[in-house]
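A.B. asks: My questions all concern the structure below.
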């Protein structure tokens, strides 16, 4: 027989105390809104779209009435001459048309502002930043009016020069340029601001030393500014790649669901939207979303590789 | 057993309360301008059923249908009565979320013969479920500017005898007045592709889901060829519908003709080009063909809370001659109900169309329009074929090749 040991001599700990609650649970409760919202609006849709990518489902059939089809949706999208490829091609083309000039203009512009407009720098960056924070829909509607073939300002100016009016949104070979122009206008200021902040992080001492060594402005730009701006350039390029691959609002409002004349402005995102909400083929749209994600991932990795390789050399 | 009995009791009680004098609120979701027709009819409804309040939820056209799609997918936020436009009714019919109105307690099969026949077919799914009651229809018609045609010396009747006559007249109009024949060559494709369909055919698929698009299909070959002839002759203004340029062309008379539903008259008169009153006339589509061009329906979601009153409301909107005529006079919603079409209001002249008795022409056209089979992949086919048509018009792509490419692409998607 064992002797019974008295339970405890110290007073029993209260099950609930304010201090204990503060220490152990309050942080979780205060941070929980993010996690709850993320679970509902972030993780769940992500998982659901992965699930749908392997199913055939029309939302009109209601939840639960899906049919498992395996890889069929992916095979459908990847098949030769599927619209998926045409849309992806348009997206990359418009992305390059809008993206490359953005950086070719933004970088020197930021340099000039940084070097010569010290006093007005704040005001100039604000003006350049305005398009970025203005509503995309409003911007696109204004551009739509400018592009109007018979009533638009652009063609009014062009015919003033004695040239034939341009069918900005009617001619399939003009459509990508017209869309790219809107995107360029909207994001060039954003990139200038990014580069400006990058430039401001470069120590003045480096430039002073270069001046002492007798370096010209060009030399300073190419041998000091550009190499030291690399991290910011990498960041800005990545944002442009991700943003342009997901291009939706501008072409959708400018050209409508069909992507304009000949579907020349049908981007991947518009195509996915159409398939999901017009054709109600949610599985196929989900599969294409994941393929688009893959394409963005690969392009970002290529960008990363190019930058890190250059970094190794210097 | 006990559970079933309880359930039956509750159901009976719920059904009983619907008839009692308790206040009932019925939600009705609609899009413009059907919502204005509903508003115009509401006073009559409130007089008849003072205890049933209608809560009208109106959203923009695409928003409404997107919202309804989401609501049907999740079963949440569904209205008691759902308005559906003809472009969506085929898809909604194939889904599982709407009540089959031909079953009890609705027994709507008996009402089918009261409507213009083709509209009933549009609301019937391929397995025979009747999911929505038609309220208005859009008889296809041909608008022309009388002043422009007179100036060019072109007779509208002769012009509409055949598509070749139409194009020939367009050349005369262009030469003598400088006005374009039509807004865009695609419109010619639009009419030709949806007229002269054989029984059991839809525009892109037949009733057995066989794809009709292809280089061997005479209807598509002709539609593409005529469209290209119009473009090559420089007869189209290359402007899209629902654009500022479109409205401008109506106002200035720079485009002589337009194919559309009868409803365009109301839009022209009310906001597009009110100053052109008296300059327009209408005719039937070329080669005496007929087509449906728009229309709206009312459906009851299976998950609706108040199906009984929803059905009463739908009957009031669609089967009541007074309601149908109110909608017609309010915003030109052409009645789907045959008895409403026999009203004397149809004999009245339309001042906007220079005093033409156009409503009689439209009524006749509506009755001659054949049912068109709808398919859930119509929107897929529509986009692909139109893209290929643009390739033909803009880049000189071979017509047979374009149709073969379109066929291959649609076949991939229609599964």
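Here, residue 1 is simply the first one shown, and the rest follow in order.
Glycine residues also receive a Cβ, built from the backbone N, Cα and C atoms like all the rest.
Annotations per TrEMBL:
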DOMAIN    A:88-303  domain 'ABC transmembrane type-1'
TRANSMEM  A:25-57  transmembrane segment
TRANSMEM  A:92-113  transmembrane segment
TRANSMEM  A:125-147  transmembrane segment
TRANSMEM  A:174-196  transmembrane segment
TRANSMEM  A:228-248  transmembrane segment
TRANSMEM  A:287-307  transmembrane segment
A.B. asks: Return the stretch with the most CB pairs under 8 A relative to the transmembrane segment (A:125-147), choosing among A:25-57, A:92-113, A:174-196, A:228-248, A:287-307.
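C.D. replies: Between the stretches A:25-57, A:92-113, A:174-196, A:228-248, A:287-307, A:174-196 has the largest tally.
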A.B. asks: Hey, which of A:25-57, A:92-113, A:174-196 has the most Cβ-Cβ pairs under 8 Å against the transmembrane segment (A:228-248)?
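C.D. replies: The listed stretch sharing the most Cβ pairs with the transmembrane segment (A:228-248) is A:92-113.
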A.B. asks: Using a cut-off of under 8 Å between C-beta atoms, tell me which stretch among A:25-57, A:92-113, A:174-196 contacts the transmembrane segment (A:287-307) the most.
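C.D. replies: Of the candidates A:25-57, A:92-113, A:174-196, A:25-57 scores highest.
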